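Each remark here refers to the structure printed beneath this line.
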Amino acid sequence: MRRYGKNPDEDDIRVRPNRKGNRPRTHIRPKHEDAQEGMVLTVDRGRLTCLVEGRTVMAMKARELGRKAAVVGDRVMIVGDLSGTKDTLARIVRIEPRSSVLRRTADDDDPFERVVVANADQLAVVTALADPEPRPRMIDRCLVAAYDGGLTPLLVLTKSDLASADELLEMYVPLGVPYIVTSRAELENGAASDVVREHLDGKITAFVGHSGVGKTTLVNTLVPADRRRTTGHVNAVTGRGRHTTTSALALPLAGDAGWVIDTPGVRSFGLHHVDPSRVLNAFPDLEPGTEQCPRGCTHDDSAPECALDKWVADGHADPARLYSLRRLLATRERREGD
Ligand SMILES: Nc1nc2c(ncn2[C@@H]2O[C@H](COP(=O)(O)OP(=O)(O)OP(=O)(O)O)[C@@H](O)[C@H]2O)c(=O)[nH]1
Ligand SMILES: [Zn+2]
């Protein structure tokens, strides 16, 4: 199956800090022959907790990395004391090319790259069907961020005991986004975590969702209790004290079958930078129709010459798909409440 929003031939999708498109700085490699690979689990005021061969190692960025930040999910090369012993501090000397990026910008006009999660395969967008009410526009923005960053979206609709999923699914079925519907009873009898696990196994999945949607409840059913962050006290993955920042946190699924990345900080996505062609990758039925579009066509409602209208009128694709694409493209403009 085609991967949404991601070209499998690209090993380094638009890594922003590397704007010139040049390769990562491989010339530093020989200097650190003893470096070992690790994965960043969380970041707290310049201290990065990394998993290196099963040990959690505290590290900081080496100066030679410059301004480029290592984020949760990054694959990094680390030198120094890798014993994982308390009060040791190793150094991250290289950040490997990323397979995906989940970006956040403080503002659509924010010129700075703010990657919050790297290398996640999937973006689980957790939305309650009621209490709080679903916000389709926010879901759409999450989908655009996923397609743009090279993550496959997964819709997780919670609280189906309070309201039906039908109306929302009507909006999202044409998009072909995989979805899961869960209820209080299914959470309690374990059925919810079984169904969700089927979608997570073997993958790195970043979870986003507004406060109160049931994200924490769900993550708690997925991650063994001894590895979980318990409301602000002990970060069980690292065994260290309070997890005080708004950084995302990578948590291993039981049986080493993948990772859940909990993202307390991601509330909104700046999408101004998003290239329509990356969103179009998620619409392989429409994409060939854009060959007749004028150069630089935005394919949205304000693009009168867009060839997609004719493509659909000629029966090449379902009009609901074009409607959905345009709805997603329209969310790139920020509105009040986003
Ligand atoms: N009725 C119902 N309530 C649920 C369900 N899932 C979670 N809840 C409740 O919804 C409330 C919010 O759940 P949380 O897991 O704390 O939500 P959250 O998204 O993590 O929110 P924050 O912790 O504020 O970030 C809690 O009272 C849960 O018990 C569900 O499927 N049905
Ligand atoms: Zn067009």
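First residue shown is number 1, and so on along the chain.
Every residue gets a Cβ built from N, Cα and C, even glycine.
Caution: TrEMBL annotation is automatic and unverified by curators.
If you check TrEMBL, you get these features:
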- THR158, LYS159, SER160, ASP161, GLY209, HIS210, SER211, GLY212, VAL213, GLY214, LYS215, THR216, THR217: GTP binding site (BINDING)
- CYS293, CYS297, HIS299, CYS306: Zn(2+) binding site (BINDING)
- 16-30: compositional bias 'Basic residues' (COMPBIAS)
- 109-269: domain 'CP-type G' (DOMAIN)
- 118-267: domain 'EngC GTPase' (DOMAIN)
- 1-35: region 'Disordered' (REGION)
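A map of TrEMBL features onto the structure.
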residue: THR158; record: GTP binding site; DSSP (3 states): strand
residue: GLY209; record: GTP binding site; DSSP (3 states): strand
residue: LYS215; record: GTP binding site; DSSP (3 states): helix
residue: CYS293; record: Zn(2+) binding site; DSSP (3 states): coil
residue: HIS299; record: Zn(2+) binding site; DSSP (3 states): coil
residue: CYS306; record: Zn(2+) binding site; DSSP (3 states): coil
Message: Applying a 10 Å Cβ distance cut-off over all chains shown, what neighbour count does THR158 (GTP binding site) have?
response: 29
Nearest recorded site to SER160 (GTP binding site) by CA-CA distance, among binding-site residues CYS293, CYS297, HIS299, CYS306: HIS299
- request: With GLY209 (GTP binding site) as the reference Cα, tell me which of the binding-site residues CYS293, CYS297, HIS299, CYS306 is the closest one.
  value: HIS299
- request: Of GLY209, LYS215, CYS293, CYS297, the binding-site residues listed, which put a C-beta under 6 Å from ligand 1? Please answer none if none do.
  value: GLY209, LYS215
Query: When you measure from the Cβ of CYS297 (Zn(2+) binding site), which residues in the chain that are at least 6 apart have a Cβ under 8 Å away?
result: THR290, ALA303, GLU305, CYS306, ALA307
Message: Let me make sure I understand the span of the GTP site: among THR158, LYS159, SER160, ASP161, GLY209, HIS210, SER211, GLY212, VAL213, GLY214, LYS215, THR216, THR217, what is the greatest distance between any two Cα atoms, in Å?
response: 19
- prompt: Can you name the residues of this chain that are 6 or more positions from VAL213 (GTP binding site) yet have a C-beta less than 8 Å from its C-beta?
  reply: VAL126, THR127, ALA128, PRO132, THR158, LYS159
Among SER211, CYS293, CYS297, HIS299, CYS306, the binding-site residues whose C-beta sits under 6 Å from ligand 2: CYS293, CYS297, HIS299, CYS306
- request: List the helix, strand and coil residue totals of the domain 'EngC GTPase' (118-267) as derived from DSSP.
  value: 54 helix, 37 strand, 59 coil
